[in-house]
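Heads up: the structure comes next, in structure tokens.
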Amino acid sequence: MTAGRIGCLSVEGISVARGARRVVEDVSFEARGGEVLGLVGPNGAGKSSLLRAIACLVPRAAGRARVDGEDLAALSPRERARRLAFLPQGHEVNWPISVERLAGLGRLPHRGPLAAPSPADREATERAMRRAGVKGFRDRPASGLSGGERARALLARALAVEAPMLLADEPVASLDPYHQLRVMELMRETAAAGDLVIVVLHDLALAARFCDRLAVMGAGRLLAFGPPEAALSPDRLAEAYRIGALHGERDGERFVLPWRRIDGAERAGS
Amino acid sequence: MSAASLIHRPTLILCLALAAACLGLATVSLTLGYVELGAAEVLRGVFGLADAPVALIVQELRLPRTLLALMIGAAMGASGAALQGLLLNPLAEPGVIGISASGGLGAVLALYFGWMSLSPYVLPASAMAGAGLATGALYLLAARNASTLTLILAGVAIGGLAISLTSLAMNLSPNPWAVSEIVFWLMGSVRDRTFEEVGLAAPFVLAGLALLVASGSALEAMSLGEEAARSLGVALGRARAQVILGVSLAVGATVAVAGVVGFVGLVVPHLLRPVVGHAPARLLIPSALGGAALILAADILVRLIAVGPELQLGVVTSLVGAPFFFWLIHRMKGRPG
């Protein structure tokens, strides 16, 4: 992985419609290689839809996503798959294939439909399994894994693509705290190598600590975009989430701890 | 890392063993018949090195039967494996979910309306169209988040419709001789076939098998769900069309020349799946070889069991396959959807 494989992702006025309803409305931002961008917001804010729209997995009603000037939608599916690894929210694995085989699927965009994995594919798969910490159970069937193990096996699959962009939809959702921290550190490492990581998160503490910048969404719109301290300011949290949080700092790192609900009357009075 | 480590060794060994089994069974199959011939004689006959009468018997009378058995088995085995991958359902099989019956209906319509007089290829074409319509309809009915049960029910409905329309055609047939001919042919057999039938089916079976084998990596990606598969660069629409077309060609062509031979596509992939590590892409070629071996063995069996009239191949595979199907359902009961 060489630094600077991706310069800039520009999301330009993306809207996504589901039926007559717009679930994402005119979202624009720019993200750079080398950063972890967190996509946060309450349930139904349109985070997952936006992520899918960037990855060209759902049709857009408007807008486009360009990487260093190149429209992602104009690329062939295979070429796009080499530029952008996508980790979906569910943990779907329909056959009890081994963890190693599962991780190796991340190499599909790099080989022909009939070609066997090359030594380079093998090495990338090994790297991904090591980074995701699944080498210890590489031969176990995916169906026999715990929720956390399976989530990491699927993360290994996404890492094996070795694309300059990683889009992950709630990658820590079913993990215990140890592995949540581990996966977030992994996201940081990936970004440190020059890649762009966009990650949908519900955990504001993790978002505040591990993301360079946050895109806060609410009702399909981008409410705020910027460094965590600005994006998760008390006013923003009240507006987006209807919560108040404890803000603090420890060892030079900032944390946000959701503390109480704010209902309508209280907000109007404050 | 050596190149050898890139190949899944158990899969390779399995393929070699199954290919050897096919060769051995094909040889045994060729030795069976009214004239007693040894294995060596038969093999010389195949390559035209034996005396003229022996070569004639082997090449003209026995080879077509053996080749058809191989083709049917390969078509059914690979189709079963591919359909299971496409529909994410271990119970999918051309016979079980009505694709074979629909191919049969297509063939019966061609016979019934006398379309065959246009071209001999109308028969396989009509059977392939029937199989293709059924596969496509099944996919539309059941592919979206279908549970195992929904899929099987949709298949049963399609199969039931095909069978009742086939019965209707026979019911309305003015010619009772044609009816008994159709009934017998629908039971599935490779008896008394010629190279004409082999030539009629072979191109389509081979094309179908090629499409199915080429869909392996797409099927494997689909095991992660639609979104993940698409994010890996798999063109889902094209991959699905490829599998549906491959199954239609392979199943339709074999049904047109040999009737309905069921359950092979269910039994073979199920038995081989653990050996290949459950990977959909690795399962296709072994399933084709295993299906071929199984049909060859079954066709040898029907000739060895002397029970008055020769048993029909399709009857034997169903007698063995149906209990296996029950056992599979019983085993799956504990599993969700």
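Cβ from N, Cα, C; glycine included.
What TrEMBL says about a protein is an automatic prediction, not a curated fact.
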TrEMBL annotation (transmembrane segment) - matching range among B:45-63, B:311-329: B:311-329
Interface-richest range of B:67-88, B:95-115, B:198-219, B:284-305, B:311-329 toward the transmembrane segment (B:121-142), CB pairs under 8 Å: B:95-115
Contact check, the transmembrane segment (B:95-115) vs the transmembrane segment (B:239-272), 3+ Cβ pairs under 8 Å, seq sep 6+: yes
Contact check, the transmembrane segment (B:311-329) vs the transmembrane segment (B:239-272), 3+ Cβ pairs under 8 Å, seq sep 6+: yes
Surrounding residues of the transmembrane segment (B:198-219) on its own chain - C-beta under 8 Å, 6+ positions past either end: 64, 67-68, 71, 74-75, 78-79, 81-82, 85-86, 120-121, 123-124, 128, 229, 234, 236, 239, 242-243, 245-254, 256-258, 280-282, 284-285, 288
